[in-house]
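Here the structure comes first, spelled out in structure tokens, and everything after it is commentary.
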Amino acid sequence: ILHETVQALDFLHSNNCIHRDIKGHNILLTENADIKLVDFGVSSQLRHGNDRRNTSVGTPYWMAPEVIACEQQERSWYDSRCDVWSLGITAIELAEGDPPLSNLHPMRALFQIPGNPPPRLSRKDCLLLSEFVSQVLVKDIEYRPYANQLLGHLLIRKGAEYASKAKHELRKEILRQRIYGRHRRQPEITTKHGKLKSHKRYDQNNLNVDDLVTLGTLSEDIIVDQLRRRFEVDQIYTYIGDILIAINPYSSLGLYTTMKQKMYFKQSRSHKPPHIFAIADAAYQTLSHQKTNQSIIISGESGAGKTESGNLLLKQLVFLGKVPKSNLEERILQVNPLLEAFGNAQTGINSNSSRFGKFLELSFLPTGRVTGAKVNVYLLEQSRIVQQTKRERNFHVFYYIHEGILSEERYREFHLDSDSRKTHKYLNLDQDDYSTRLKNLKMYNEMKNSFNTVGFQNDETNAIYSIIFGILHMGDIIFSEVVSHDNTDNKSKIVDLAPLYKASSLLGVDPHDALECLLENSVSTRGETIIRSNSVIEASATRDSLVKALYSRLFDWIVNKINGLLSYHSRNDHLTIGILDIFGFENFEYNSFEQLCINIANEQIQYFFNQHIFTWEQQEYMAEGIAMDLVEFTDNRPVLDMLLSRPIGLLALLDEESRFPRATDKSLIEKFHGNIKSKLYVRPKSNALCFGVMHYAGRVIYQADEFLNKNRQVVGHRVMKLLRSSQMPMVKSLVHILMPENRNNAKGSYEYGVQSASRPQQTAATYFRHSLMELLQKMVNGKPQFVRCIKPNDARLPRIYDANKVQKQLRYIGVMETVRIRQQGFSHRIPFQDFLSRYSSLVFKYSEKIYFTREYCRVLLLRLNMTGWALGKSKVFLKYFHVEFLSKVQEEKIKKIVIVQSCVRGWLARVKYKRLRRELMSSVVTLQRYVRGWLVRKIPGNSDKMLVDCELNSKHKYVEEKADVCRSEVSTPWGNVKMRAIPHHNIKKFYENNLWRCVEKNNLDKPHKVTKTDANVQIYKPKEESRKQSNKDLEPQFYALCSDLSRSHSSSSSDARVEYESHENQRSKPNTGESTMRVYLDSETAAYNERLAKVNQSPTADEFEGPYNFRKLLRPTAHPPTESLRKRIVSRGRLYDLKAM
């Protein structure tokens, strides 16, 4: 097929015609197996052979890189060699069934083909075809061959040689498919001028792009329409380069299973559909490869799904770095549900709105294993505890615990009634139905499980419950004014003391002290303390400040406890991945001080996004000399200056007014109107106590009621004294806990907000400004990944896509500008030294000398066949898919390196083991040699009576010839073994009162104990001359005669004698040599009997044992051999002395 196609291309090119759409679908086979090239709809006629074209047209997967570049680069061109590239892709299609990148969307394939290296044939059984593909698929058109040059290739020549045989096989295949049918593929999508064109039968839904950067034409309507198409088929995630857009589906889609987690485990982002798990995997891979901290920034409106996205990111990160056989993964995953119970609440637009900011950091080892977690919290909405609007509720934990305690029938323990759901002021039960109570009970059980999993003790959880119910009872205290005759006292009283006593009991404080704390106030002036009564408003404010301080400190205690249980600090766990889940942008009917702080925080996040994506990137283009069209964007820096600058910023003016005791909300508004001159500040037309701010997401009107009181946030001395006097250890510890308001203040007090005349008060606005600085510093220190959450509708209903609502969000988060800069710009700017240090091992040899220069970076990029990059003065500019490709190549190389390292480490371990084994054996032999020498030296002068002297005789040669006799089988108590030569140290002495032998041949399996007299009979006395010579040389050679074994082994009346002696040349050397066994048969028994008679003169074991029983060292057990020992002895073929066993 390739031979005929090359001939067809040669004919076309010789007639100045370019096909421009070579692919398998355009190559037809007739019934006679003739090859036909068809479909000249996009072909072009050239004026001459060297003519060029610059129209981007063809089928995406088969298009040459220079053809694709013509759509975006005006100076790009191509000639007839573009068909040669398509021919190479067709060759891969014929061999593997599909072209490269066929699993991607066509527009995404068009985006990746120019940046990726040329594809290669994955099959290893077609070497000639692989060589042909490598020669044809050359990205540089100047080095790509022409069609007529391919006719001389070996593969094409062989195709001509085997043409008849190939036609025969093709005809058979055509006949088979006519009979049984053939597989019909859907027509491919073609493109012209960057626009996709499909067959009329093609499913239009497949035209949805998963990366907005691949769109040829950009407009807000096109982007909104693309997101709508994907949303309608449950594709809620879409890329903008390396940025993820997530649309909240308000329903469960089954996209977060374990199988999905495995799909996004160390995968290239372009190889899988967009997913929240892919962002986690990208951050994890960047941390593993570059060894730099990472951060994932989640932003969006309230109700857009930020909290759920954060939970999914945490789930995937823990999965990627999980530690085998450890419950750390489960403990970390239970942190978010626990914090959501205490820090989330239902608002008018979100049933699970975060009422605090959270930056969760996961610590990792350089190997990628997660080691712990740390939580940083910002700006808990304390006012929600004491005040909720009609459509809002208090924090979730109040409802969870209340329902759980009632279901467990523990209500008496916390001074509750069996039906007390509607009696607590702090519990807004707007939806007190059965389904809500059932949900609260379920969440209570999950919260208890989270406490246990993270590591809280039962007494700690019970103390938390007591504080929560103490707060509920404290909120039920109602104050009334004390009526006097002159109405000048302005005193207050408590209508019902029952809630006070219940709260005091649960908090461990004295009820009388609590009563005085609420109804009286003390002021210190000039060394004197003046006590005065509180009015109803002042008493209510004192109660609320007590409750808010108690709950906020409890929340921080829980956070500190979690950090103490999950933080793991070592010398190597300095790598972190942070997940920012902060409250979304809010615009309610009534917006107060909390909404102002929340929206300022979102302004700061948007500013960081603009700086990272637009400002810093474009500044580097100009500094490094990169020619790039600048992208205009909406900068929200003026809004932040108006809100945060000093001394005339809005928060600075609020702090200044809060220091005046007689300041009012009206005086605050007048100060705002008189000092803030920015166009972004909106003055009301009436005299209402409100003002407006033009945020990046739109105009928000704020009501100034309670701005001063919420900003002051003062806790009285008597309140702190009351809590300090508590009998509950936890309540007492909450007073001394370092509050988050002072964590940014090195000299801050441990009692934030306590009234003092000696120092100015730290306000909530001051703390909030410091928290923003700390949060921004954490984001700057790590490489950020962005997730932009979109809210599809305000009704929170599934499968409803409000195009106007989505378009408004896309506009203020700058999606259009982001798409443009991702299309034109470079998302990664890496210094030369870091780039070469990180990737030099991919192309350079170990012996090559590398310098951190521009030219070496160029060589590295060219050797990797990468295009679309740029080199500045000191940095390499890469697109996001370049970094993905480099990471993939580096990962493959690391896998190969790990295999080589494992083999080398195994070889080194085996060498070390053999060396240590030799040293150990040498040490054992040395120890045994010294022990035997000591034994010999401790034997008395006549000790050689024990040694059997078997003199060498003229039968020495006869014994060597008959040596096989000693290898015949002998019956032993543990079976039949071969009798052979045994080293002398295997012949053991007999222990007194503990000797074993076989008494009869027919009863070998029943050993019995031998008496001391019988044992001595078995030892032979050496000759007098041999004894003297042995005493002289101190030769540690032992000789024994196993008479019983000899008799049982011998088949005749002759005795088999086993002797151990050294060679003649070794007997002359003292204390050296190895004993050698000699076995021979002696028919003359006279001399044998004479020597046997002298055995009674041999010393006993006690006579030469000495003070140390070294024989037990050589044979530590005195018991008969076990079954396992018998099997090992038999398998090794050794014969041990039965009596010594």
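Just so you know, the numbers here start at 1 and follow the chain as drawn.
Placed from the backbone N, Cα and C atoms, the Cβ positions cover glycine too.
According to TrEMBL, the protein has these features:
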- 1-156: domain 'Protein kinase' (DOMAIN)
- 207-891: domain 'Myosin motor' (DOMAIN)
- Gly300, Glu301, Ser302, Gly303, Ala304, Gly305, Lys306, Thr307: ATP binding site (BINDING)
- 772-794: region 'Actin-binding' (REGION)
- 1007-1032: region 'Disordered' (REGION)
- 1021-1032: compositional bias 'Basic and acidic residues' (COMPBIAS)
- 1046-1076: region 'Disordered' (REGION)
- 1056-1067: compositional bias 'Basic and acidic residues' (COMPBIAS)
- Fewest other Cβ atoms within 10 Å: which of the binding-site residues Ser302, Thr307 wins that one? Let me know. Ser302
- Which residues, sitting 6 or more apart from Ala304 (ATP binding site) on the same chain, put a CB under 8 Å from its CB? Ala246, Asn248, Gly584, Cys789, Ile790, Lys791, Gln809
- Query: For Lys306 (ATP binding site), which residues in the same chain are close in space, meaning a Cβ under 8 Å from its Cβ, but six or more apart along the sequence?
  - Reply: Ile298, Ser299, Gly300, Ser354, Asp581, Ile582, Gly584, Cys789
- Task: For the recorded ATP site, enumerate neighbouring residues of the same chain (Cβ within 8 Å of the Cβ centroid of Gly300, Glu301, Ser302, Gly303, Ala304, Gly305, Lys306, Thr307, site residues themselves excluded), in sequence order.
- Result: Asn248, Asn350, Gly584, Cys789, Lys791
- Query: How many other Cβ atoms sit within 10 Å of the Cβ of Gly300 (ATP binding site)?
  - Reply: 24
- What same-chain residues, at least 6 away in sequence, bring their CB to under 8 Å of the CB of Glu301 (ATP binding site)? Gly584, Phe585, Glu586, Ala697, Cys789, Lys791, Gln809
- Query: Under a three-state reduction of DSSP output, how is Glu301 (ATP binding site) classified: helix, strand, or coil?
  - Reply: strand
- Task: Please give the average pLDDT for the domain 'Myosin motor' (207-891) in this predicted model.
- Result: 87
- Message: Is it possible to get the count of other C-beta atoms within 10 angstroms of the C-beta of Gly303 (ATP binding site)?
- Response: 23
- Chain-internal residues, separated by at least six, CB under 8 A from Gly305 (ATP binding site): Ala246, Asn248, Cys789, Lys791
